[in-house]
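Here is the structure we will look at, set down as structure tokens.
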Amino acid sequence: MSTKYVYFFGDGKGEGNGKMKELLGGKGANLAEMVNIGLPVPAGFTITTETCTHFYANNKQFPAELKAQVEEAIKKIEKAMGAELGSKTNPLLVSCRSGARESMPGMMDTVLNIGLNDETVLALAKQSGNERFAWDSYRRFVQMYGDVVLDLKPRSKTERDPFEHALEHKKEKAGVQEDNQLSVAQLKELVQEFKDLIKDRTGKSFPTDPMEQVWGAVGAVFGSWGNDRAVVYRRTYGIPHEWGTAANVQAMVFGNLGDDCATGVALTRDCAIGTPGFCGDYLINAQGEDVVAGIRTPLRIEETLSKDMPKSYEQLDEIGKKLEKHFKEVQDIEFTIQRNKVWMLQTRNAKRTGFAAVRIAVDFLEEGLIDEKEMLQKRRLPADDLNQLLQPIFDPAAKKQADKEGRLLAKGITAGPGAASGKIVFFAEDAERMHEKDPKTDLILVRRETSPEDLRGMKAAKGILTALGGASSHAALVSRQMGKACIVGCGALNIDYDKGTITVGSKVLKAGDFLSMDGFTGEVFEGKVTTKPSEVIQVLINKTMKPEESEVFRRFDKLMKIADKHRKLRVRTNADLPNQAEEAISFGAEGIGLCRTEHMFFDHLDEIREMIVADNLEHREKALAKLLPFQRKDFAGLFKAMDGKPVTIRLIDPPLHEFLSDAHLESDPKLAEKLSKWSGKSVEDVKKRVEELHEFNPMLGHRGCRLGIVYPEITRMQARAIFEAAVEVQKAGAKVFPEVMVPLAGFATEFKNQEKIIRETAEKVFKETGTKVEYMVGTMIEIPRAAVRADQIAENAEFFSFGTNDLTQTTLGMSRDDYGPFIGFYRENDIIGNDPFQQIDQDGVGELMKIGVERGRKVKSKLKIGICGEHGGDPSSVMFCHRIGLDYVSCSPFRVPIARLAAAQAAVEG
Ligand code: PEP
Ligand code: MG
């Protein structure tokens, strides 16, 4: 049997359905689904994603069976719509649009009005009774076909689109402002000029045969899966290149036949901040692409459509409700109103800010549309997006000042929440370059409108500001998804790319000047306006707001509590100081998974350096005795802050030269002398000792437990500080639970060596103080040997914690400090899908983790196992940790809420 490449929808029935996204893409599957639930959809068919993969695997050739299947489906559209492709009396026009499994807004190509030629245009004119409309449609078609299928593009960054240029020229000559003021004769001239342009620049003639036009469009749509911006988008959002796109060929309906026609895009709820109620953009007497392209600033559906077209508004509202109930998700729809009848062209789950996602999820739950498990779904609430609730807002004092100084420049449409302040940059490639050069410089990308080519620049900028477009324009969708502050449709801005200026009234700002924007209100300010933390931060961390004062916090808190109810993994934090620990507890941390003791040393450099230059036991112990009280105090602070929650304290890990090296001596000319005085050595001997400490490859040198093994007095001092602090805090009435952790052990003997010292010291302290505390001794698993021989190590260790930073570095043989120069290239060229230091390399490092868990638990079935590398706060890594049976993840304080949600998603979705 031959493969089915084409799925028809129309006449009340779709061959596909909403579950077939892999094969039909999101758009195709949902078009079929909408037909199946009785919504008005123009007839059409979907060419499967498998066809696209075949196309790429076969040198851009279609499968042999496709031709007959497409021809048959065209016949079905003709029957359903009562029109015929190429007919000189009753012509059918179709569109061809892309549609991947996951939506990639604006990244791929579309062709509209296919089927028009010098003859069918006359029929369309007659049939519609609107000659201007027919010729304008033809003009648009030739332009789009030339651009998308025949690849007629501007030749440089500054050259204008040649079609647009011709159009502007025509309008100037005709003395009119708008496209729709051109006469039929002028449109006819334009069609000819466009055709000539195509011939001149490409050497090809514009095809007149409608079927040839269909095939050209389908090829171009499949081809656009491979264009640069689509590739960058997929890389950014982790969409596999192998998926391919579907192509949807569908009968055209027209929103530009007159004032009883319109076209629009809408959301069933606001997706910038999550407010309930239909919202969106529409244009009367316009074609769909005009809204999405952001060329004309559209009207707001919720404000004026009910007055402009009351009957259509009612139909649309009903459709919106039906869709939300059916899909259990906020929908992002495209529609056309043709002579007062609403036609649905697309529906998909709406992209939203993290800010809106939380509100919508909690509201859906409270409205009874979904249950808790549905609420927690990853696709509804990507855990990383919680970051946006922790996003900055304008500092009210600075904002007041800016208002007072009259620095408010303009107001636009809010498209992405968060306040941002930075330097103006006009071109995406400049933004990208400046960001690469200095990631600390905040940038605001200012454009007339954004196009998909601007994606890289949008990534580099803190905020995006456009003069044109509405809440559903490309800039809005993409920046919302990225969680960037974004304002669109800020019409007061007069942007001159050539001069590099923005003019607002009498004010002129140049590239590089500061600009500030508030994505919550749409306000744009000249100069800097300082930003400050979000409401969640104000309630939880700064305590400058009461919980009951913030609705944002109420929903966040409710979500977090529900996540906690469902998750199995515990979430701890990596913290070295009491205030970090307190912050983390506010974010919901259930313990400290990693306290890097050496971080505490940075406040006591003199003492640690004295210990380092000592070259005998007596001197070292003398210096260590000075460090002991500081460490004890720090540990006591942590124990108090954690109030009985487990605290994993890791013994010193880094190579000693991090505290004292040639570079330190060079930058502080008095240091050698000071060290000579403390140690009783000559300055020369001090320098010699420092030289001895130099290592060629310090990450694989004398570090980790190797230090405590060669210098047991260091371990003794640290263990004493831990247990004395624990006893002190316990005696004061608080609970303590220290977990002493040995770093970088690879051999069971290394661990045993350190464990013995730790336990002996504990016993000594307990005897001296007459108090015992409960504690555990465990190890990090951060070199491959430790994972492989986890069984031997588990004989003695009471817990494991995967140090995936070092485990990644040692497994991949890739230095965690030196991988920067090539990782970008690796990712761009698909050598490695993700940055392995951010997301666990599950096939490599992950396999070792699995081995470590299995072998460790074979010896001790209840062995407590966690992770404390940076990956502990990365959602996909957290989900992996859940799957391999870890007990907890540990991450930086601000990532704790993200890890809590990801852990719940792992439990709910498996
Ligand atoms: C690790 O290696 O993953 C770890 C947590 O230790 P550090 O980052 O301090 O080397
Ligand atoms: Mg490490």
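Including glycine, each Cβ sits where the backbone N, Cα and C put it.
For His474, the entry in TrEMBL reads active site, tele-phosphohistidine intermediate.
DSSP assigns Cys868 (active site, proton donor) to coil in the three-state reduction, outside any helix or strand. Taken from TrEMBL, the feature active site, proton donor covers Cys868.
Same-chain residues at least 6 positions away in sequence with a Cβ under 8 Å from that of Arg596 (substrate binding site) are, in sequence order, Asn574, Asp576, Arg650, Asp653. Residues or ranges marked as substrate binding site by TrEMBL: Arg596, Arg650, Glu782, Gly803, Thr804, Asn805, Asp806.
In the three-state DSSP classification, Glu782 (substrate binding site) falls within coil. Taking the Cβ of Glu782 (substrate binding site) as reference, residues of its chain lying under 8 Å away and at least six apart in sequence are, in sequence order, Pro743, Leu744, Phe802, Gly803, Thr804, Asn805, Asp806, Leu807, Thr810, Gly869. Positions annotated as Mg(2+) binding site by TrEMBL: Glu782, Asp806.
Across the domain 'Pyruvate phosphate dikinase AMP/ATP-binding' (22-59), the prediction's mean pLDDT works out to 96. Per TrEMBL, domain 'Pyruvate phosphate dikinase AMP/ATP-binding' is recorded for 22-59 (among others).
Look at TrEMBL and you will find 60-298 (among others) tagged as domain 'Pyruvate phosphate dikinase AMP/ATP-binding'.
Per TrEMBL, the feature domain 'Pyruvate phosphate dikinase AMP/ATP-binding' maps to 313-361 (among others).
What TrEMBL records for 442-522 is domain 'PEP-utilising enzyme mobile'.
Feature annotation from TrEMBL assigns domain 'PEP-utilising enzyme C-terminal' to 555-907.
Counting only residues at least six positions away in the same chain, the Cβ atoms of Arg572, Asn574, Gly593, Leu594, Thr648, Met780, Ser801, Phe802, Gly803, Ser890 sit under 8 Å from the Cβ of Cys868 (active site, proton donor). One residue stands out among the binding-site residues Thr804, Asn805 for having the most other Cβ atoms within 10 Å of its Cβ: Thr804.
The binding-site residues under consideration are Arg650, Gly803, Asp806. Their Cβ neighbour counts within 10 Å are lowest for Asp806.
With respect to ligand 2, the recorded positions Arg596, Arg650, Glu782, Thr804, Cys868 contribute Glu782 as residues with a C-beta closer than 6 angstroms to one of its atoms, given in sequence order. In the three-state DSSP reading, Gly803 (substrate binding site) counts as coil. Cβ proximity to the substrate site centre (mean Cβ of Arg596, Arg650, Glu782, Gly803, Thr804, Asn805, Asp806, cutoff 8 Å) flags the following additional same-chain residues: Leu594, Asp653, Pro743, Leu744, Met780, Ser801, Phe802, Leu807, Cys868, Gly869.
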